[in-house]
């Protein structure tokens, strides 16, 4: 029934198996990849003709994690997988980015890649396995794909690079570096780094590229036995129409790209495009004209060629800057009066309002992952409204791009955050992109760093970020610092670097062409270092260090420790005691399993009240000490006084006063505040208190005064 083909190799100390022919046989390409005991099924299906009027390449990548893969049932109400999690969205992007540039130019048939995690051994992250499986499925499918690619994760433990470290090994690693590439070149880099140097990071990229070569060979060997016939696709010959369009509007485009303002430049480019469409597009007046979509593609190619040649020949860019020049920067802090921390970061025509909010343990985000449930204490949310680029558009839940940009900034900042023990707050940052003309994710890094310091978060060091670009031709290359949106679209590489003055904390790279050498990457990292240092200097004009105190409206948190055996008493039966403390003091209280209690409130008095209440429950009163209490019950033989948290004690009628008390209610009333001394405990453990040995006005211990009075005089 099955024509199963397998290829097995040893890779990174574990066995990688690629299998086809058993599962999902109706897909154009299907590969089951197994690494350790982690299994991912990748399928690739493509339409055999493009949709009419299609003017872009419709590639969709979906990565999905099934809870059964880890022997779990989803924790959601319907108990089934629902909307993609952040991890699924990010991994979908991770797979998409290196494969998209490798489809044959001009291919516009719909392609869908679906990667399904079938088993997770809780040691090997499925993301790398999914990237390998997706590449293999595409190669087998016959789609015009210039792969294969492979991917690898690199850790950095004790000064050594580690290929495909386990989840446990990653906890000790100073680097989480994911690299994807072909046999010849790196195509994509994604990372979170604990302040390493440019040389260490570049070494990790090189190590990963070398380490993935056996996987590329394995995919090729599998394809030799299992691949379908290549799909017959011939790109359109556009040389003739390209020459005509360039003759007509080449000069207009060159003039348009001399305009430094984005809006004015785009208007001039639009006019040039309209001129070409009017002259050459098929219409009733021009039935022999060219297809509008084809013309649009030709226009983009001419546009890119003009800009790229101009930069290489003159060293000047679209807005007049040199290749290593950063746009003017302005950082402002404290821009929102009630926010815990806020900053407005503007770089040229890119602007981000970043707002920090501090919360308590109640505000942590519960993540239900295959590896298990955990709480996230640091969140960064990036919003990109359509008005930021002067357009109308969809508003609603964040798209993949917003999730990805937010995660990039999150990775850049996280290594510089204080430990939870040092700063026991949940931190949420929101970045609102108000203007965008390139590098809004790096503006988010810079603005968020300022907003954290404005909130009083003890950031280890300020973090800045910069987006780099590349123009690569046969006769030379140019690395561009702080790229514009147009330079991003027309260039060959998007290279984002974030870090402190002492090292890199995050690197993301997407390469659109083959042939990016180690020399070019080294040059880009060196140039980025100069740009980051310049940006940090500009940020320092707004703020150089975190504020010494939290903002007026931020919650204050204090931590105390109680014996573990006292936790039950603090919580009370059914939570009765802790609810009463919260209700009456107005403080938020979080009790850890180890007896650590975090008390949070906007006002210090509320924290103090809750703290004293908890201490009174968790500690024991001392014999001989004087306490202020309240009469809670009067009986014939005395009065019960609440004197130490929830603890009551008996003041016997004989201990109320030095004078005879005939009737207790004649001397005391319920609710009356009194001062008592703890005499000790009777045989049954009941508390014995005394009022008569305490001065009810001053709280002085009269028994000690009497002892002093009875002491003999010195001889």
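We number each residue from 1, going along the chain as drawn.
Placement of Cβ uses the backbone N, Cα and C atoms for every residue, glycine included.
Residues or ranges marked as Mg(2+) binding site in Swiss-Prot (evidence: sequence analysis): 488, 494. Counting only same-chain residues six or more apart in sequence, the Cβ atoms lying under 8 angstroms from the Cβ of residue 494 (Mg(2+) binding site) belong to 467, 468, 469, 483, 488, 508, 509, 510.
For 555-614, the entry in Swiss-Prot reads domain 'KH', with the evidence type sequence analysis. For the domain 'KH' (555-614), the number of residues in each DSSP class (helix H, G, I; strand E, B; coil) is 32 helix, 16 strand, 12 coil.
Residues or ranges marked as domain 'S1 motif' in Swiss-Prot (evidence: sequence analysis): 624-692. Note on the domain 'S1 motif' (624-692): DSSP counts are 7 helix, 36 strand, 26 coil.
What Swiss-Prot records for 692-715 is region 'Disordered'.
Per Swiss-Prot, the feature compositional bias 'Basic and acidic residues' maps to 701-715.
The 10 Å shell around the Cβ of residue 488 (Mg(2+) binding site) contains 17 further Cβ atoms across the protein chains shown.
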